[in-house]
Every structure is written in structure tokens, then in C-alpha cells.
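> Sharing a structure, written as C-alpha cells. Questions coming.
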Amino acid sequence: MQLVTAAEMQTIDNYTVETIGMPQDVLIERAAMSVIDVIGAGHFNLDHILVLAGLGNNGADGVAISRLLYAQGFNVSLQFVGNVTRAKDSVKHQLDIIEKYGLVHAEKSDFNEATLIIDAIFGTGLNNLLPEGLQKMIKAANHIEKTVIAVDTPTGIDATTGEVRGAALKAHTTVTFGYNKIGLTQRVGGYLSGNVIVKDIGLLTPQDFNFSLPDKENSPSVATS
């Protein structure tokens, strides 16, 4: 199986959007629908779903996921991690959409009430230590051992090295897009990613670049679709 670094994945994302001309909103919707597919195919307790969204494209995926769940009648709460006024335009656009659905994001949610947490805080772009406040929140969430589905990469995991950037949210399942990431198969990242499912959302294939992509044998449980 081909594995990519965070930088290689970013190049693929940029080429797909900027050169090929695939709208970012299309990729976000496909990513969100992929996560919905995984939720529907799994045996998860869906009584109360909490979506934790960051301020970048990973957060935009999370907002779209919350909308799709809400539209299907699920009890879903959306909470932003960070000041939403500083969010990327992709997040703000998704917010405009969910407001028309009548879904309002919460200022703060009780982790204890959630039966399933969707981690859409940070994706593959993380390369620094998480803020101290977020580290504390993650440690608290890990302590109560809730079932977590990570969007693309568990928050706190370096997608290239598998190292923890201060703290990392432990996932039961990680739905990653396009190609599996090296960091989801190595070091503690391989453990904290849980069951990794690779979903095709229409990104450009690495074969179109001069990448030297490593193969990783004996990696953790990985499924593709």
C-alpha cells in the first residue's frame, strides 16, 4: 500500500484544487459523505454524536459531517475548538449552509453526554505542538474513553512521523482521504489511529508526480474504498 507524508498529501490537495480546478467544496462534501458511510457501516452508538471542529479544512469537513447527520435526524452537537471568527473561508461557508438547516453550533459541550465523538479538529497539516488548552481537553476526552472517529488524522498526531504533538485524541477509527499517511502506521500514531479506513474522494494520484512513495508492510488494520 502506498503511503504519503503530510507534505506530499498537501501537494496532492493543492494540485487537485488549484491546477485541476476541483472546487474545495466538492472535496469537503465527498470527505464528509465518506465519514457518514463509515458511521453507517459500523456498530456505533449514535444516540448523541458530538462533532469537534477546528478552524481549517479539517474543521470544514466536520461542519459538513454534522449537517449530513442532522439532515438524517440524528441528535448531533457541533462544537468549535478555537475562535470561529478566525476560521478559514471554507469553514465559514459550511457554517452559512448549516445555519439554513437550523443547526447551531454549541459554545461548549459535555463530553460525558456524547456516545460518539467525531474528531475534525486538526488533520494532516499539524506540525507544531497543540495549544496547552487543547492538550488538556484531549487528555480529558481520552480519560473518559469515548468512541472517537478521526477525520483524516487523529488530532495531535504528526501525519508524517507518527509522533504526538503534545497530546493526541485516541481514535477507534480513522477515516483518511486519498492515501494512507505514514504517521498513521508508525510509532504511537499507528496505535492511536485505531482502524484506518482510506477513502477515495477524487484527489490526484501520486503517480502523476515524481514522488518516491514508501511501501509499509505489516501496517495496522487498513481498509480502502
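Glycine too: its Cβ is placed from the backbone N, Cα and C atoms.
According to Swiss-Prot, the domain 'YjeF N-terminal' annotation covers 9-209. Taken from Swiss-Prot, the feature (6S)-NADPHX binding site applies to N57, N58, G59, A60, D61, G123, T124, G125, L126, N127, N128, L129, D152, supported by sequence analysis. Marked as K(+) binding site by Swiss-Prot on the basis of sequence analysis: N58, D119, T155.
Each of the listed features needs to be described in terms of its position in the shown structure.
The average per-residue pLDDT of the prediction over the domain 'YjeF N-terminal' (9-209) is 94, rounded to a whole number.
Around N128 ((6S)-NADPHX binding site), a 10 Å sphere centred on its CB holds 10 further CB atoms from the protein chains shown.
Listed in sequence order, A120, I121, F122, G123, G125, V151, D152, T153 are the same-chain residues at least 6 apart in sequence whose CB falls under 8 Å from the CB of N58 (K(+) binding site).
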> Between G59 ((6S)-NADPHX binding site) and D119 (K(+) binding site), what is the CA-CA distance rounded to a whole number of Å?
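The Cα atom of G59 ((6S)-NADPHX binding site) is 9 Å away from the Cα atom of D119 (K(+) binding site).
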> By CA distance, which of the binding-site residues (N57, D61, L126, N128) lies nearest to T155 (K(+) binding site)?
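The smallest Cα gap between T155 (K(+) binding site) and any of the binding-site residues is with L126.
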> Tell me which residues of the chain lie with their Cβ under 8 angstroms from that of L126 ((6S)-NADPHX binding site), as long as they are six or more apart in sequence?
A6, T153, T155, G156, I157, D158, A159, R165
